[in-house]
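Peer 1: One structure, pasted below without further comment.
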Amino acid sequence: MKKITSFTIDHTKLNPGIYVSRKDTFENVIFTTIDIRIKAPNIEPIIENAAIHTIEHIGATLLRNNEVWTEKIVYFGPMGCRTGFYLIIFGDYESKDLVDLVSWLFSEIVNFSEPIPGASDKECGNYKEHNLDMAKYESSKYLQILNNIKEENLKYP
């Protein structure tokens, strides 16, 4: 079997940051998959389930309600390894093009004070597993990287 793109990245050298994971074209429409890497893989502790679940709910809701980006958002969700998220958007983008959006998103999560969107038994298959405080904590740590973003945080090793 052919190895998928994300398995060709040397995770031992991967820093937290924002990376273009892949670009796909379907019927002349480009989709860009963004790797929002919050943790250094296999070095830092992974994001706990309740925190990553909360970031997913708040993040997906905020992105789909962002006036500028709402029509471009296809998907926002966690990586199985729990070191970050994937964001799939319509359009041809580079990592640097997404710094402002991702910074805005995680800043909004840090300051989020409303009930967690979609956190009821009718809306979510695991509604009891949320942790807003840890979601804010993980988001604030990631913002420190975003606020001092360097080339090494924007290009895969």
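Quick reminder: no glycine exception, Cβ is built from N, Cα and C everywhere.
Annotations per Swiss-Prot:
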type: BINDING; residues: H53, H57, C124; note: Fe cation binding site
Peer 1: Note the Cβ centroid of H53, H57, C124, the recorded Fe cation site, then list each other residue of that chain whose Cβ lies within 8 Å of it, in sequence.
Peer 2: T54, E56, I116, G118, A119, N126, Y127, E129, H130
Peer 1: Tell me which residues of the chain lie with their Cβ under 8 angstroms from that of H53 (Fe cation binding site), as long as they are six or more apart in sequence?
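Peer 2: Set apart from H53 (Fe cation binding site) by at least 6 residues yet with Cβ under 8 Å, we have P78, N126, E129, H130, N131.
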Peer 1: Reduce the DSSP letter at H57 (Fe cation binding site) to three states and note it down.
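Peer 2: SS state of H57 (Fe cation binding site) = helix.
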Peer 1: Let me know the most crowded of the binding-site residues, choosing from H57, C124 and counting other Cβ atoms within 10 Å.
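Peer 2: Most Cβ neighbours within 10 Å: H57.
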Peer 1: By the DSSP assignment reduced to helix, strand and coil, which category contains C124 (Fe cation binding site)?
Peer 2: coil
